[in-house]
Amino acid sequence: MTRLILAIDQGTTSTRALLFRPDTRIAALAQAEFPQHFPASGWVEHEPEDLWRSTLDTCRAALRQAGAGAREVAAIGITNQRETTLIWDRRTGEAVHRAIVWQDRRTAGLCARLKEQGHEPLVSERTGLLLDPYFAGTKIAWILDQVPGARARADAGELAFGTVDSYLLWRLTGGRVHVTDATNASRTLLFDIHRGAWDDDLLRLFDIPRSLLPEVRDSSGDFGTTDPDLFGAPIPIRGVAGDQQAATVGQACFRPGMVKSTYGTGCFALLNTGPQPVASRNKLLTTIAYQLGGERTYALEGSIFVAGAAVQWLRDGLGVVASAAETGDLAERADPAQEVYLVPAFVGLGAPYWEPDVRGALYGLTRGTRPAELARAALESVCYQTADLLAAMRADWPDGDGSGTVLRVDGGMVASDWTMQRLADLLAAPVDRPEVKETTALGAAYLAGLACGLYPEPERFADHWRLERRFTPAMDGPVRERKLAGWRKAVGCLLGRPVPLP
């Protein structure tokens with residue numbers, strides 16, 4: 001009997017379920033989209049039932065597609081949008097409020113007050129994060145303070161908090177399991193990443209009762225079994241990780257110094273720093289990459305707010321292209337003499353600048369600027385921002401050699417050969433595109449398969465990582481330096497200050 005791994009990839013706009021074979025190839029894939037809700041400016045919410053129904057429906061659809069039953073599934077692995085926050089009734093399972101999504105900015109005022117009171121150094125030292133509405137801690141506090149009766153019920157032990165993984169585990173197990181993994185816990189502002197435990201000082205700071213919190217476990221291990229009524233037989237749940245950490249695992253970035261970058265609407269790059277957390281001096285985040293056998297592996301993380309969204313803007317905002325797939329071909333026809341730069345700060349700039357209030361700009365426009373130059377500027381903006389992240393990572397990590405680290409890439413944008421070649425050119429480093437594009441789901445599947453014995457130890461799994469294509473630098477050094485200097489000049493104009501070379 002074929003043994004399969006069912007990977008649940010719960011994202012911001014859709015949920016996907018994939019069945020992986022023992023050789024890590026995909027046997028089935030199902031996807032269901034669901035709406036986001038925007039009740040006020042800067043607010044983003046999900047209906048918890050949408051998260052649950054889309055998960056259940058896609059899992060069942062993937063099983064039907066593969067002609068497989070629950071007994072052919074060795075284990076389930078879950079990966080999820082991080083930081084999105086839910087609180088529900090322990091007895092009924094009913095959420096007390098819609099899920100507050102990671103993009104939501106409603107707690108900006110609370111974060112600003114806590115910064116003014118001098119609390120950010122404590123938060124950063126314990127958690128590796130910044131005091132920002134992005135993370136779960138202030139979202140929890142908002143729900144407790146704004147939903148009538150929620151704080152009293154939480155103090156009485158009647159409520160449970162979880163990121164999306166915890167909520168799905170609760171629902172899948174029929175309310176028998178209230179747990180999370182270390183990668184998701186590390187995104188809450190409440191978890192000491194050095195001790196691997198919830199932090200009492202931070203709980204007091206945000207006024208959150210410990211009884212609300214899930215138990216924290218390894219990323220690969222026992223997370224309970226599904227209610228037998230859901231799929232016809234119980235299925236063990238054996239792996240959990242936040243989406244960017246799961247992609248790091250799926251890319252087999254197990255050695256210190258290995259870097260992966262995921263390109264979707266935005267971009268997230270993680271550098272494995274091994275068993276020791278590295279405090280950033282360049283506004284990167286320090287986070288847990290994964291936890292296996294009680295041992296934590298850490299990473300430096302940088303986030304770019306706009307990657308694929310720049311191409312969506314070309315298509316939907318300007319009408320420059322009819323489809324995203326056209327952008328690379330159009331960029332290839334751009335005039336090399338036209339040095340046009342797009343700084344895509346549509347919602348501010350992320351790492352390593354963290355300037356939420358600046359807005360985007362185009363530099364270098366002339367009467368000769370055409371759609372081709374705009375397309376090139378949009379795609380190059382992603383490459384320039386990645387170069388900024390990797391420069392910050394090399395500066396932060398003392399064990400890095402500062403030379404051309406290979407970058408492993410995944411996400412929708414990596415299908416563009418032109419963009420990947422330009423990325424390699426501007427990084428002066430090889431860019432590796434894997435054969436298996438669904439690296440986030442593969443990471444969740446691997447963590448589950450490792451726990452149930454279907455997949456080998458990390459070192460052997462890494463040997464089976466399959467390269468589809470390597471892009472190697474082909475741009476002359478002086479050209480690269482001129483283009484990077486032009487980018488930093490454009491960013492400096494936007495910020496109103498010089499941006500130094502790394």
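Glycine residues also receive a Cβ, built from the backbone N, Cα and C atoms like all the rest.
Remember, it's a predicted structure, so these values are computed and weren't measured experimentally.
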From THR58, THR265, THR366, THR369, the one annotated by Swiss-Prot with THR12, THR13, SER14, GLY308, GLN312, GLY412 for ATP: THR265
From TYR134, TYR290, TYR298, the one annotated by Swiss-Prot with ARG82, GLU83, ASP243, GLN244 for glycerol: TYR134
Spatial neighbours of GLN244 (glycerol binding site) among the binding-site residues THR12, SER14, ARG82, THR265, GLN312 [C-alpha, 10 Å]: ARG82
Cα proximity to THR13 (ATP binding site), best match among binding-site residues GLU83, ASP243, THR265, GLY412: THR265
Between ASP243 (sn-glycerol 3-phosphate binding site) and GLN312 (ATP binding site): CA-CA distance (Å): 22
C-beta crowding around ARG82 (sn-glycerol 3-phosphate binding site), within 10 angstroms: 25
Cβ neighbours of SER14 (ATP binding site) where a neighbour is any other Cβ within 10 Å: 13
Distant-in-sequence Cβ neighbours of TYR134 (sn-glycerol 3-phosphate binding site), under 8 Å, six or more positions away: GLU83, TRP102, GLN103
Check: same-chain CB within 8 A of ATP site center, minus THR12, THR13, SER14, THR265, GLY308, GLN312, GLY412: GLY11, GLY264, ALA309
Number of Cβ atoms other than its own within 10 Å, given for ARG16 (ADP binding site): 22
